[in-house]
Every structure is written in structure tokens, then in C-alpha cells.
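Asker: Residues or ranges marked as domain 'O-acyltransferase WSD1-like N-terminal' in TrEMBL: 97-221. What TrEMBL records for 361-473 is domain 'O-acyltransferase WSD1 C-terminal'. Residues or ranges marked as transmembrane segment in TrEMBL: 15-42, 246-264.
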Amino acid sequence: MDFNGSKFIHISKQVFLVTLTTFVIFIGYPLGFIVFVPLIIYRHVVEQLAQIIDPKFGKILKGLDAYLSAHTTYSSPTAVLLPVYYLEKPVDRSELIKTFDENLIKIQDQNGNLMYQRLRQKVVAKFGYHFWHNVDSFDLHHHIKFLDPSCPEQVFRQKDIMKLTCQLGRRPFDDNRSPWEIILIPSFEHEEDTTIKAALIMRFHHCLCDGFSVLKLLERIGVNAWKHSILGVASAKNGAKKNNPLFSLLTFLFFLIEAPYQVLKTFLFSYDDNIWLTRAIKNPFGPIASQVIDQIPIANLKMFKLQENPEKINLTSIILALAVQATAVAMKGENVNGNLSKLHVITPLPLPNHPGDGLCNHWASVKIPINLDLEDVRNTVRNVSREFERVRRSIFPLVSTQIAKLIGSLPIVFIPKLDGLLRSTCIVSSFPGPTHPVDICGSPCKVLFGTGSIIGCAAGTVSFSYNGSITLVTGGYQCNFTQGHGEILAESYRKVIKEFLSLK
């Protein structure tokens, strides 16, 4: 297509977006006010009413908590966090239960409220919404258990860990209890590191908390105090600057105008079209295969610089670039039809002022368009860095947060399913873990990595940094692989990483 034709299409899209944005501002906002204000009032009333009827009722689930719990809490969970820990020695179950009880279950904030109340609350439906509800006869023995209670000392091997996590990601939770558990594997064989003797897997439904909350929880069950908090000063809630009232008003008005434009642009002109994504959407709860990629020293990744903008490249941009590039290379190797020169990636961005202790979901989901160069990963990194900074500094993370709050105010039956929003070929989560070795009840942790669910995307990657290295876990739907399942993505990753690390 010639230059004039492309320019005409671009102008036509912009006119269309501006027209729709104007419609939303003058028609959509008044209609939204009419719909959501009564719903929010109703939700507040039933929250108070439920606690009057039964004092065991806690707070109503809101925002991301409500969205993540709407359709998949117990019987067929899909939004599940599964961090895995390789340990030097087995963790004594009785000692872990005692430590968990003293350092988490019973701990209170400065107002006397239990900081980890959700750990002893189940999710129940009432008046069309989900509530936290205190569990009768709460017992940590029901949550902290052996992988095989009938044979605790049975040896489990490293090569089977990904198959296990895929199974755990879909295994139902007990609907009479809070949706979380800690699984102990006291006899573990690691093919490459003989100092690893045991393993531990945390299994948390995402409606309980985000990945940062799990890390803070882990921080409290170690014998040796962590030298630095996971969230550091970024989690501090104090010191917020007071804005000028006029400036706040202008900012709010700008948000009302810009928000619908950004949302419409993301949903209407930001989509992928390939057979992998099509199959994943048609079979969102199908079998998944995952693989762990070899640990990469962070120092090696930080050595990479772009001559024109050496200060702009951060680890998140590099990881996003590696993930999307590896996925595209794997798709090319599988002869997938579709546009492989441009793909989109969904990634969660942590919001400022994370509460730190306690359990919550404090992040925004953003969608980033990435132009790929399958012949030179350097160009892909350059494009990712530019787009990531643009999206991160844009209004979209805040818009995403407000949309989640609105969706969460809807009754359960009207909340869309997890695979229905922000579809893209890739989803990538990146977590900065401890920068030094930690322990769980005195058992030194050798390796720490994260796994989780893939919904509405063809391939997913979880990046976890720990003790100077980054461990990548990649996975995808088995329906997209002709052979080898997850190994196809893993080999693609290794190829791209090798190419990347060879760059100077």
C-alpha cells in the first residue's frame, strides 16, 4: 500500500476514535452514572445487611478481587498463583504451621485488626455478590499439607515439576475453606543441583492477593530476617503530596476525556490475528504445557545497552522483548499463519503505594503493541523499551484500574469471564524477588520461581528474579504444539536468549 493510502487509513481511524470518544463523553457517561451509582449504593447496603444477618460475613469483594473471583473461585479455578521453592532441606510441617500461625494468622495492625484475615476466610455468594466469610473451625493443618499425605516421603523429581504445577493450577479448591494451600515435598531429586533436597509450592487463588503480597508473606516465615523489604520505600503510604485543588480538577477533567479514547484505541485497534490465539480463545481451559528456562544472571542482562538510549533499557523491557520474540520464533517454527511482525503483550504493572503487609491485588493490566524483528532481537528490545515507557507513563494504567473497579461493582452474573478482556498472543508477569538468599523456617532457599495460569492468551511467561538471577517459566496451550508441547517454546527461548547475550 502506498504512503497516501496508509495516511488516509490512519486519519480515518483517528476520526473514528474521536467520534466514538465524543459519544462516550456525552452519552456513555450519563448512562454509566445512571447504571453504576444505584449499583454502588446497592452494593454498600447489602454489604452492611449481610454483616447484620450473619456476623461471620466480612467485606465484599471489590475491584480486581471481585473480577478474579467471579467465575472461577473453587470448582474450576484458573486465576491461580503458584510460586515454587527449591530448598536445601525439608521444612518441618509442625514448625511451619507454628510459624505461620504466630507470624501471619495472629498478627495485627496498629488498629488491632488481623492483617491476614483473608487466610481464614472463604468466598461465598450473597445478594448477587461475593463476600469474605469467616471459616468455621479454621485449622492450618487443612492448608499446609504434603503433596501425597498417604506417603509423605515419596521421592518427587525435578523433571515432573512443571506437569505438577499445571495440574495444581486447575485443581479445585475446597469450597468450605479459604482458597489457598502450601504443599510440602520433603523428598525431592534435582538432576543438576544435588544440594537441593526438598521443595515447597504455594498455591493461592488470585482473588486473595497478587504476587507481591505472596512475597511479603514469605518474608514473614523465614528464620533469618530479610535485609531489605521486597517493596522497599515504594510501598510507603506516607508522604503523599497535596495537589492544588484547581490542578486536581483539571487532572480529573483530562482523565474523563482521555480515558475513553485510550480504552477504545486498545480494544478496537489493538488485536492479534493468528491461529495460536484463535485456538486458545476457543479452548481457554484446555491442557497447558510449561517449561523452566535456565537461570540467567541479572548482571548479564544489564550489560545490554542501546547506543542511542543506554539509560532507557530496564530489565522489564528486556524480559518483555525476550518473551514476545521467543513466542514469535516458536510460531514461525510451527508455520503459524498470521502477522508475526507485530504482536501484543499483556503485562501487570504494580501500582504505587502498595500496602505491603496484608493480602491485596494492587496492580493494573496493560496491553503493549510490539513491532518485532525476528532477525535481530536488538531492534525488538528497542521497540519494546519505547512502547513500554510510553504505556507506563500514559493514563492507561489508571484507566485500567478504574475499569476494574467498575467491573467489580457489577453483580457476579454480569462480570465478564477472565478470557473475555484484553486478549493478546502473550502475557508476561515479572517479579523482582529477594536480592540475597532467604529461608523458609530455617531451610535455605536455593531456587525460587513463579508459575501461574494462562487465560485468553496463546503463550505466557513468568519472570522471577532471586539472588542475582532470573528464572523464566514459559507455557502455552498444548493444542498449539505439534510435538514436544512446552519444549517448543523453551527451545525458542534458549535460542533468543543466546542471541541476545551475544550482543555487545
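Glycine too: its Cβ is placed from the backbone N, Cα and C atoms.
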Asker: On the DSSP side of things, how many residues of the domain 'O-acyltransferase WSD1 C-terminal' (361-473) fall into helix, strand and coil, could you say?
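Answerer: Split into helix, strand and coil, the domain 'O-acyltransferase WSD1 C-terminal' (361-473) gives 36 helix, 45 strand, 32 coil.
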Asker: Of the residues in the domain 'O-acyltransferase WSD1-like N-terminal' (97-221), how many are helix, strand and coil by DSSP?
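Answerer: The counts are 38 helix, 35 strand, 52 coil.
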Asker: If you average the pLDDT over the domain 'O-acyltransferase WSD1 C-terminal' (361-473), what number do you get?
Answerer: 87
